[in-house]
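All remarks here apply to the structure that follows.
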Amino acid sequence: MKIGILAIQGSIVEHKNMLERLGVETVLVKKPEHLEIIDGIILPGGESTTFFTILENRLLFDALREKLVNGLPAMGTCAGLILLSSRIENHPDQKTLKVLDITVSRNAYGRQRESFSTYVKIPVIGDREYECIFIRAPQIVEIGRNVKVHATFNDRPIFVEENNILGLTFHPELTDDPRIHEYFLKRCSG
């Protein structure tokens, strides 16, 4: 199995290290042709506006969207979640991939200095609580009827799934706990 990591900016190395720890081959996705050799893709955290600009400059936006619409499993964390979303609150004209039926609010959990971590129960990955690290995190403010909510914090979804797409407002790659990545890998192997 080969998992792509959208290699534009953000926590690329941390996702790569986690996947390699799990014995998975990674591909740093920088060009549309890289999408042809992967079984799933991670869209890491970073700065969401930069993502959109670089994706379009590298002709990756349309190719990635087509792959996702046709079933390529994806996991978006933080800014990656924003990229996957259908709508951005207060930014209705900002382009997104529109493959996850949610509305997000950017940086809703505060600025960099207000970043935090907390432990949350996520039943789909086991009984033990999971450390969720929020860094300038988006908030999911609305979900479509086919979106499953796997975890919440303060009554807001923080981990959702719709068809082949997983979306997280937090950073699982910044922990030593591989369970979120393992859950994603199960989605990639059918």
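Here the Cβ of each residue, glycine as well, is placed from N, Cα and C on the backbone.
Per Swiss-Prot, active site, nucleophile is recorded for C78, and the stated evidence type is sequence analysis. According to Swiss-Prot, the feature active site, charge relay system maps to H171, E173, an assignment based on sequence analysis. Residues or ranges marked as L-glutamine binding site by Swiss-Prot: G46, E47, S48, R106, I135, R136.
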> Of all the recorded positions here, R106, R136, H171, which one's CB has the most other CB atoms within 10 A?
Replying inline: H171
>> Let me spell it out: for each of the recorded positions (C78, I135), count the other Cβ atoms within 10 Å of that residue's Cβ, using every protein chain shown. Which one has the most?
In response: C78
> Other than its own, how many Cβ atoms are within 10 Å of the Cβ belonging to E47 (L-glutamine binding site)?
Replying inline: 15
> Closest of the active-site residues to R106 (L-glutamine binding site), Cα to Cα, picking from C78, H171, E173?
Replying inline: C78
> DSSP three-state call for H171 (active site, charge relay system): helix, strand or coil?
Replying inline: coil
> Looking at the recorded positions G46, E173, which sits with the largest number of other Cβ atoms within 10 Å of its Cβ?
Replying inline: E173
